[in-house]
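First the structure, in the form of structure tokens, and then the observations on it.
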Amino acid sequence: MQKIKDKLYVLPIVLIAAVVPLIVRYKKIELGEVVASYWIRDYNTDFFSYYKMVFLLGFTFLALISFYVFSKKNPEAIKENNSVKKLYYYPIGIYMLMVILSTVFSEAQLTSLTGFPDRYEGMPVLLSYMLILIITMNLFRTKEQFQFIINALLTSAVIIAVIGLLQFFEADLMRTAFGQWLMLPQEGFAELSQGLDFRFEGNNILFATLYNPNYAGSYFSMLFVFSSVLYFFEDKLIKKIVLGAVTAIIFAAWLGSLSRAGILGAIAAFIVLIFLLNKEIIRRFKSIIVILLIFAVVFTMMDLYTDGSLRKEFLSLGQETQLAFSGETAEIEEIKNEDGFLIFNTAEEKLKLTFDDLGKLKIYNDQGEMLNLVKLDTHLVIDDKKYNNYIFRVIDSDKNNNKLLELRYGSKKAEFPYNAPINYFFILGMSDNIYPLQEVESWGFEGKEMLASKRGYIWSRTIPLLLDEALITGYGPDTFAMFFPQEDAVGKFKFMQSAKIIVDKPHNIYLQIWFNTGLVSLIAVTVLFLIYIFRNLFYFYRDNYRGYFDQIGIGIFGSFIAYLTAGLFNDSVISVAPVFWTILGLGIAVEINRSYIFNSMEGVSSDI
């Protein structure tokens, strides 16, 4: 009976870690005028975040009730090892305070509370992460509780992995009648079903139920590392086979996400684990060889299916490293106004564009020679193969001989309004707003804007903002898109695909924390992480991984390292973050209870 009670206490946390990532459901959200101005329309059709947010907050409320009941019935358990808990409570408390203050002082309070479209990581969600951490580190005390959540986590991970692999092999469950029945409301079902269009589908890449391949990479890097450690320590044959199969499935999904952040996360975690487990690795090398052979077969099959895309993704890590040190010349070097001309310079050509008194487009090369234009349907092209990358279209205005010049360069496209009376070009940006041809303030990454899939550009425009309002309280939870310099249409056109793209995240969890909730909050979170890292690193370095809790503890530690490493290139997102904070809570729970939890020397084999 007591074992059942123990499981009921932790059930809400189990639901957060195992059920929330699975939720995919259509929701149409009407946007306020301010938020809509930073979005592509005045409403948002969400599948992957809104209901995750709703269920996360609901389960967190249940977890609070459970924690309250447990603390009333077991006050002595809450007080045990209080000195260790306080080490974590201080940075957690400071972070929670800064989240609240950043919301109070934000110029976008509504968004700080509710979150930005497609993300929904407002103040209540950020606070719920900390509550999940506190509750998890206090409630998990017995082997049965840990087994309960581990089994739920791995089951959930396998389901998500299978959904993702079906996408990878172009048999997307979300395209089936059953999948759409789960996702879509009955009202307007037929119309919604026909209009379904997921950004990443059909490219031999998976996003599963996690919205984005990058987020899938962060998720699967954690679970891949964790399941690998469980497999590593398992001694019973049947359970080892089961864990081997689970690990292979998660490994395949980790590969299928094609996320370099996820790849780096797992690699970093395994490097740390090899350092900590070196003696045990020698003792268990046979089982390692078996799983490595399975990995090789899975990798080869998936790579052949995608005509080598997996190999290219791994090899691209070397190219990114080279780019980080040497830089890369951008395709477009300069866009500006000069004496009534639109100056458009690339690495190969330098063009000057203008309109004559009759409103006709004129283009000159860097020698001052006028280039001959040929009409092709509704577009204009330069009559010279050297300029095959360029396509132009001129749209006339009824007022003052004004024009709209559409310029395509390769896969990139921008629109330049021309004001004839002042002989000046502008550029259309987000929401078709008109911006001058000038770039915004940047810091660092010059010549390296293309680093890590254009993250260099985003980081270079984000960093100058960190020393302003973000120094203390930040701009407010989930407000990045509203305070990032979206007016940098020139920079977006040069370094991203479109001048109209909305940059809604920094692609770095640490910059994200600093930007949204301030430097103080980032310091608090960093201290929290460092306490956990140093206390556990030194503990496991002394070969303390013979018992059950130490074995799952080192697996949790590896998962933690994977997420933090992937976080250098990925953001906190509601699809993955609840799992991370639960895992960290489990890791701290193992640490807190070392002195009084029975640490079985029989190992994982008797309990998983």
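We number each residue from 1, going along the chain as drawn.
Each Cβ is built from the backbone N, Cα and C atoms, and glycine gets one as well.
Note that TrEMBL annotation is computational and uncurated.
Since this is a predicted model, take the numbers as computed values, not measurements.
What TrEMBL says about this protein:
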type: DOMAIN; residues: 425-524; note: domain 'O-antigen ligase-related'
type: TRANSMEM; residues: 7-27; note: transmembrane segment
type: TRANSMEM; residues: 47-67; note: transmembrane segment
type: TRANSMEM; residues: 87-105; note: transmembrane segment
type: TRANSMEM; residues: 125-141; note: transmembrane segment
type: TRANSMEM; residues: 148-169; note: transmembrane segment
type: TRANSMEM; residues: 216-233; note: transmembrane segment
type: TRANSMEM; residues: 240-256; note: transmembrane segment
type: TRANSMEM; residues: 262-278; note: transmembrane segment
type: TRANSMEM; residues: 285-305; note: transmembrane segment
type: TRANSMEM; residues: 513-535; note: transmembrane segment
type: TRANSMEM; residues: 547-566; note: transmembrane segment
type: TRANSMEM; residues: 572-592; note: transmembrane segment
Under 8 Å Cβ-Cβ from the transmembrane segment (7-27), and at least six residues away from its ends along the same chain, one finds 45-48, 50-52, 55-56, 59-60, 62-63, 66-67, 69-70, 132, 135-136, 139-140, 144-145, 148-149, 152-153, 155-156, 159-160, 174, 182-185, 192, 209-210, 219, 574-576, 578-579, 582-583, 585
Find the member of 47-67, 125-141, 216-233, 262-278, 547-566 that has more C-beta pairs under 8 Å to the transmembrane segment (572-592) than any other listed stretch.
125-141
Under 8 Å, at least 3 Cβ pairs, sequence separation 6 or more: does that hold for the transmembrane segment (285-305) versus the transmembrane segment (125-141)?
no
Beyond the flanks of the transmembrane segment (125-141) by 6 or more, those residues with Cβ under 8 Å of it
6, 9-10, 13, 16, 53, 56-57, 60, 63-64, 66-67, 70-71, 77-78, 85, 88-89, 92, 95-96, 99-100, 115, 149, 477, 517, 574, 577-578, 581-582, 584-586, 588-589, 592-593, 597
Between the transmembrane segment (216-233) and the stretches 47-67, 87-105, 240-256, 262-278, 547-566, work out which stretch tops the count of Cβ pairs under 8 Å.
547-566
Can you break down the domain 'O-antigen ligase-related' (425-524) into helix, strand and coil residue counts using DSSP?
48 helix, 8 strand, 44 coil
Can you tell me which of 47-67, 148-169, 262-278, 547-566 gets the most C-beta pairs within less than 8 Å of the transmembrane segment (240-256)?
148-169
Does the transmembrane segment (262-278) reach the transmembrane segment (148-169) with at least 3 CB pairs under 8 A, where each pair is 6 or more residues apart?
no
Checking distant contacts: for the transmembrane segment (87-105), what same-chain residues at least six beyond its ends satisfy Cβ-Cβ under 8 A?
112-113, 122-123, 126-127, 130, 133-134, 137, 473-477, 516-518, 520-521, 524-525, 527-528, 531-532, 588
